[in-house]
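Below is a structure I'd like to ask you about.
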């Protein structure tokens, strides 16, 4: 039998994390050396009380219990090494290496056993899990419930923070099972114990986070918050910073304590302890120490008897015990004279304090941002009104904070402060121009100035001026190109009726008639583009060929399912990112293959488009011919109705029109059917007479003679 056994790549479980190292067993005891830190744990052979071999996640494990209650766990053994270890324990440690398997039923109802510094949760005779009580930092009780909180392990990626046990009520009189459970835990746990008397006590202080009224007991090494529901013990070593901030109403004060790690209440974590004081509240304080102890411990920072405002006494005592400076607002002064700005963060209203080295927002949720964490700041317009603006801060880690609903009067002060601190302003040029616009509207009597409405009004004026210019140009164009013979018959009839009038009235009417056709032509001109707009709004033809896809899109459609199978649960955004990476890394030969497929698809598309365009042109020609025919029929029907009412008025000018019809026939009527009836010939001649230019005053006088 060898005197020593050595095992490499063995893992020691410490506070939930696994530390890699080497394990050596000798006659003198067990030695484990951490390969990362070099720390050595030495267990004397005389201290060993029990050894347990069991199956664990990393193969098989060895659990050693000492006579003073300590537990050591080592994992990473192979199953074949059990016999060698068992023989070594019998020969050198006089211990039987027992085999015990963990229960894997998944039940959550069992029995709790306390053995030394170990809490074991068992189902039947098999343990489910074990908790070293030295890892417990806090133990709180409720109705039939006990909550264990654990020390945070900075070396582990994931840490167990708390475990809750439900303890059913029992019929035994005089013994509370919940209190008995808690006392067993506290007797072995590494919990801060309130030993001795408190240095001083502040009663019924108003606390905003966590909300409620608490008695604060000041001990030499920790702070004890005692409320009606919860108790918190806060070591002074967890206090990072202290802030004393005046409220905007100048009648209250905030005292903020920054904590790391935070205090916990269920699933809620409080990184800041915020106390609210009234400036009018005074107190006389006597420390529970003699004057020599006070002088020796605090070196003149505190005295045995003190009096003053309550917030001054609390901040003074905390500063002396924590030994940290108290941060107060710097030189910043807002529009109202206060050292803070009213704003909203995450739908809750609060106060933003610009400090000498950062910003702090109170109170829900409290936020502290140091200047060295800030990447840039941004001034943005308010989303609903221009009477306010938003102040955005983005940190170097990419976290963005948006403080909204800040009054526009605060803009100049805040901008100057940020500029003086040499912070990077994202939209510096835009905001310098915006500053002027805010000052311009600062004395406005209107309740709300809508910049968007003003811009729309300006654009409307420009469009109206352009429309007037275009209408004037179109009016001149229609006056010059106006031809009475190409218009409807009612325009020609006006000239026929004016031809029988006297020369003086004809001159006056002709001036008025020159204006009337121009107006009518203008209306017709304005309607034409409207029809084009309506036609352009029609959707695409569903029968038209679809555009061909690019080489990348063809490859993506073919490879989409493969990417999904290689990366199960991948989101759409990540899928496209991954596809872009694969396409970029693809060889030139493979890309050329997809380029050829895309070229073939493009040729097929062009061929289909040619066939589609030929068919669509034929359809459009047929549609145009049918429209012209229909329009011609409507024109002829309208002419018949109008001429019947105008025959009596145009009798004086009938003979010259008739003589013209006998000598001249327009091209339009030459192409019509020559075998038409006499009535249609008469109507055609009347239409030609109506389409002829109006006679002059001399012609009308000779006709009347």
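Backbone N, Cα and C atoms are what each Cβ position is placed from, and that goes for glycine too.
Among the features that TrEMBL reports, region 'Disordered' is placed at 458-550, 609-705. Annotation comment: TrEMBL describes 474-496 as compositional bias 'Acidic residues'. According to TrEMBL, the compositional bias 'Low complexity' annotation covers 497-507, 647-663. For 517-531, 624-633, the entry in TrEMBL reads compositional bias 'Basic residues'. What TrEMBL records for 532-544, 634-645 is compositional bias 'Basic and acidic residues'. What TrEMBL records for 545-613 is domain 'HMG box'. Annotation source TrEMBL lists DNA-binding region at 545-613.
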List the helix, strand and coil residue totals of the DNA-binding region (545-613) as derived from DSSP.
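In the DNA-binding region (545-613), the DSSP-based counts are 56 helix, 0 strand, 13 coil.
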Could you break down the residues of the compositional bias 'Basic residues' (624-633) into DSSP helix, strand and coil, giving a count for each?
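Secondary-structure breakdown of the compositional bias 'Basic residues' (624-633): 10 helix, 0 strand, 0 coil.
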Give, as a single whole number between 0 and 100, the mean pLDDT over the domain 'HMG box' (545-613).
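Averaging the confidence scores along the domain 'HMG box' (545-613) gives 87.
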